[in-house]
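Here the structure is laid out as structure tokens; the discussion comes afterwards.
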């Protein structure tokens, strides 16, 4: 411990930190104990050390137990409605991926089989739950997670984001801990938007389509990426972080509008001549049923290059959500919209009552807009706007009733007032 003394204007003694030896004039705060002192900088350092040790011990205690595919699927059920087959495919793929990492951490013998990485492609209509599935998986496994938008990516040297910026975002999520980032999950959204216009090789330079697919190949398969620590474009004077992407799980997702037609064209192809099998053009299948017949060759025909499709061996297709599924999404998940709005109104000392016909009307509106589950919140916000504007200023509102006529815009939500004598009700006047 440091034992410095000197002259001070007040008491003739200059105080020093017993740990780092800095004087009271060199630090912002000096805390006194029995015959010792500690400065604010040393307190911060101690807090950081304790925090790191707690995180390490937590990781070690939970790291041994990897949830089984069935447990993963059951957890996904709490947040995502329907999509049973997609959940099963995801659960098995993610379980095998992290089981592979556990094997990789142990010492390998000469005869050990090397397990390859299986990245995932999610194909489904907009608002069917692709992003939510990936987010829930990352939260369940307690690994770093980031979402990248494929439409903003360009080849290196062109205006736009380099593909390495995806890894830089992942590093940001885990405070630039490279080891942690190397076991994370990256979700690349709108992957269908980087498809080339035809399945023939492009003659002209396609810097945001086929060029991006080429740039993503090595990153997805596994390479040591040089990432600028503060993001942005690379320059020679900058030091880079080296991140091995070989153990990062890449999940790519896209709506692939028109892919069902590509699948139908392939499956309905017949021979020629009298013995050719004649197939009906209208089989009555919906988009979800058609997507289940997806083959890698359909993705190539759609505009993904064969090498890119080969890097995504696990394909999970999601069904289009029907009205019943949308109603269930509104009220069943842990973070459902009904529960969220109930909590918001509860904070104002009142409750909100969504009638069943109201939820069906919301689901019906979302289906008409073809926005899937993503459009549910905007409908609810629009319907409850006036009510949420007035409630904080009103007194004694104990209940808000929302029925089908409110969703259709025919009437306003009913406010129930609690008085000492009885309860009275009136509609919210429109602005």
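Yeah, the Cβs are placed from backbone N, Cα and C, and that goes for glycine too.
Secondary structure at residue 42 (Zn(2+) binding site), as computed by DSSP, is helix. Annotation source Swiss-Prot lists Zn(2+) binding site at 17, 20, 39, 42.
Around the Cβ of residue 128 (ATP binding site), a 10 Å sphere holds 28 further Cβ atoms from the protein chains shown. Taken from Swiss-Prot, the feature ATP binding site applies to 125, 126, 127, 128, 129, 130, 131, 132.
Residues belonging to the domain 'ClpX-type ZB' (5-58) score a mean pLDDT of 80 in the model. The annotation domain 'ClpX-type ZB' is assigned in Swiss-Prot to 5-58 on the grounds of sequence analysis.
Each residue contributes its Cα atom, and for residue 39 (Zn(2+) binding site) and residue 132 (ATP binding site) those atoms are 45 Å apart. If you compare Cα positions, residue 129 (ATP binding site) sits closest to 42 out of the binding-site residues 17, 20, 42.
Spatially, by CA atoms, the binding-site residues 125, 130, 132 include one closest to residue 20 (Zn(2+) binding site), and that is 132. Cα of residue 131 (ATP binding site) to Cα of residue 17 (Zn(2+) binding site): a span of 51 Å.
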